[in-house]
Amino acid sequence: MWRIVQRKCVTNVISLVQNHVRTFPVRALPVRSTTARLRGRAVVTSLARFSSTAAREQSSQDDESGFHSIIGDGEKPTGQGTRMEFQAETRMLLDIVAKSLYSEKEVFIRELISNSSDALEKVRYFNLTGKSLESPDRALEIHIGTDKVAKTLTVQDTGVGMTREELVDNLGTIARSGSKAFLEELKKGSVDPGTIIGQFGVGFYSTFMIAEKVEVYTRASGSPGYLWTSDGTGTYEVGEAENVQLGTKIVARLKPDSLEFADEDRIKEVIRKYSNFVGNPIFLNGKQVNTIQAVWLMDPKDVSEEMHEEFYRFVGNSYDRPRFTLHYRTDAPVNLRTLLYFPEGKPGLFDLSRDMDVGISLYCRKVLIRHRAENILPKWLRFVKGVVDSEDIPLNLSRELLQDSSQIRKLRTVLTNRVVRFLQDRARKEPDSYREFITNYGIFFKEGILTGQEQMEKEEIARLLQYESSKCPAGERVTLMDYASRMKPGERDIFYLAAPSRHLAESSAYFEAFKARDVEVLFCYEPYDELVLMTLRQFDRKNLTSVEKEMRQEKESVKVEEMEGSLPKSELDALTEWMKDTLGGKVSAVKYTGKLDSHPCVVTVEDMGAARHFVRTQFAGIPEEQRYRLLQPQLDVNPRHPIVKKLAELRTGNPELAALVTEQLFSNAMVSAGLVEDPRTVLTKFNQLLALALEKH
Ligand SMILES: Nc1ncnc2c1ncn2[C@@H]1O[C@H](COP(=O)(O)OP(=O)(O)OP(=O)(O)O)[C@@H](O)[C@H]1O
């Protein structure tokens with residue numbers, strides 16, 4: 001019977017068991033201190049869960065027996081308890097590893113390659129530290145062979161191999177990781193652990209997901225060769241074997257439902273996916289498959305532009321080139337090796353969709369943990385392509401990601417801040433290229449602001465945005481920082497105006513007063529701009545204020561008497577009252593303003609940006625009267641304008657024409673405010689007006 005050495009490495013077994021079977025008895029040992037703090041944490045959590053589960057089970061038993069426990073602390077042990085060991089049912093445990101631990105069968109290849117790579121790293125280490133080995137100069141390689149006829153997959157390495165004792169210890173003990181023990185030895189001597197991957201001591205058994213029998217031929221330096229065989233149902237055999245080469249060869253005899261793994265193309269695909277960057281050459285049926293280097297682990301100085309281009313195409317699955325490259329490493333607050341690319345080409349239609357995953361692959365020591373790893377970067381940065389490699393990521397036993405850990409959240413914050421700062425830097429150092437970039441990708445930053453949680457975070461992203469300004473020639477763009485730096489002491493608002501083009505912005509009725517006062521206004525041309533600035537609300541403690549809002553909040557009441565060329569106040573009051581009656585429920589009020597010059601009137605609503613967005617997206621199907629009730633427009637007339645003055649006369653002389661003119665003035669103002677879903681609807685009245693005007697001629 002296959003015995004589990006419970007004194008060793010039981011912690012891993014416990015977390016495995018907790019995740020999969022509750023009642024499985026194993027012996028609990030204290031959590032070991034580990035290289036990756038995260039692992040410790042995962043195990044601690046499991047232990048906590050384990051004890052609470054046990055406690056729950058205990059209390060439910062109490063209930064069934066009719067005993068209702070009352071919480072108290074009177075109980076005391078009456079003597080020394082007997083130390084017992086948990087028992088484990090090996091066959092069941094193996095079954096769990098082979099059947100339930102991994103979500104994808106194909107990962108067994110990653111596990112075997114990782115083991116081979118560890119074995120090769122160990123040879124390298126022994127060579128470096130002067131330990132005498134047989135054939136120390138042998139090529140350090142991994143060879144994989146597929147055989148459809150024999151229905152086998154073979155993974156062979158020229159690594160350290162195993163002695164008989166090691167075979168029994170490592171492959172005969174579930175959750176015993178020789179590699180991890182090796183790593184801990186190295187760390188005691190403060191040697192760089194290099195790229196040893198194994199840590200849990202279960203990966204090898206994943207082979208039983210696809211193999212009905214596994215044969216392991218292995219020979220360590222100075223030791224005879226051995227053959228270890230098992231069908232994964234609870235027992236194994238070990239015996240000496242002849243002609244075994246230094247290193248280890250694993251032959252998987254495939255199950256009938258797993259014959260795909262005897263297919264070269266299928267294996268190539270899996271290697272490329274998970275193990276493409278393993279530091280040792282991998283040959284598949286004699287041809288090397290992993291030709292691309294783990295560029296992200298290289299010194300940035302040593303990576304040429306061509307290498308970046310090639311790597312970018314590989315990770316980004318793209319055909320353009322990277323416009324900007326962020327290649328950096330850090331050890332605090334989290335260990336990170338990062339290589340991120342910002343595309344030169346335009347985003348595709350799919351990239352714009354929020355259903356698209358982020359473009360970052362997450363690696364741990366060169367082994368792929370997750371392709372397109374969500375949560376590593378926020379969704380709005382999904383156009384960034386590249387690799388993040390971190391030893392600090394909390395993996396679970398099946399080397400899958402624990403998505404919602406605090407460590408992942410920390411990683412995400414660190415990365416996001418770094419990306420934003422990097423782009424702010426590009427805007428300063430490569431303004432032309434950045435301009436092109438923001439033209440294509442600005443929409444993502446806007447999404448970042450719209451979906452962001454913290455004001456600080458939103459303001460950091462807002463630093464990346466650029467707008468045309470009334471103070472700069474057409475085509476030139478400024479940032480919110482530029483605007484803020486030009487503000488005079490005491491000024492508290494950054495003004496913006498949303499319009500489809502510069503021409504319409506400059507000729508807008510709302511802009512007139514600002515122009516006259518020589519106040520800078522940012523022009524926003526994209527549909528989401530004003531929503532973004534409304535969401536942002538403030539930047540650098542200045543208010544972001546739309547020109548329409550400023551107009552509606554006319555501070556002091558207008559002194560008509562002092563306005564040169566204005567209608568007298570009494571006439572104006574009578575006119576505005578009559579206009580309100582004429583427009584009926586369409587307006588909430590008709591007032592007069594001193595802020596207009598060449599325009600007869602404007603419409604203002606409570607929150608113009610939101611109203612416009614509402615009109616664009618929600619208006620279809622809403623009856624006309626209801627639309628006005630929702631918008632509550634206020635009409636502000638210009639008492640100096642010739643049309644308004646003429647209207648005051650017409651009101652009594654030709655009320656029919658005056659009413660038509662009033663309706664048309666209002667419609668024009670609504671169109672120019674962007675509050676009419678389809679401007680064609682105002683043409684009927686306009687034609688009536690023309691007909692009436694031409695009647696007399
Ligand atoms: N090809 C190999 N050459 C030498 N030793 C090996 C080889 N494959 C496995 N071993 C030994 O067997 C041990 C157990 O392997 P296993 O894949 O189960 O776990 P691991 O690699 O240590 O951890 P993980 O579950 O994280 O992959 C390894 O730690 C290593 O000591």
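Heads up, the Cβ atoms here are built off N, Cα and C, so glycines get one too.
Listed features, source TrEMBL:
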BINDING   E111, N115, D157, M162, N170, 177-178, 199-204, T248, R399  ATP binding site
REGION    54-81  region 'Disordered'
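When each of the binding-site residues F200, F204 is scored by how many other Cβ atoms sit within 10 Å of its Cβ, F204 comes out lowest. DSSP assigns D157 (ATP binding site) to a strand in the three-state reduction.
All protein chains included, E111 (ATP binding site) registers 26 other Cβ atoms within 10 Å of its own Cβ. Within 10 Å of the C-beta of G178 (ATP binding site) there are 21 other C-beta atoms, taking all protein chains into account. Cβ-based neighbour count (10 Å, all protein chains) for V202 (ATP binding site) stands at 27.
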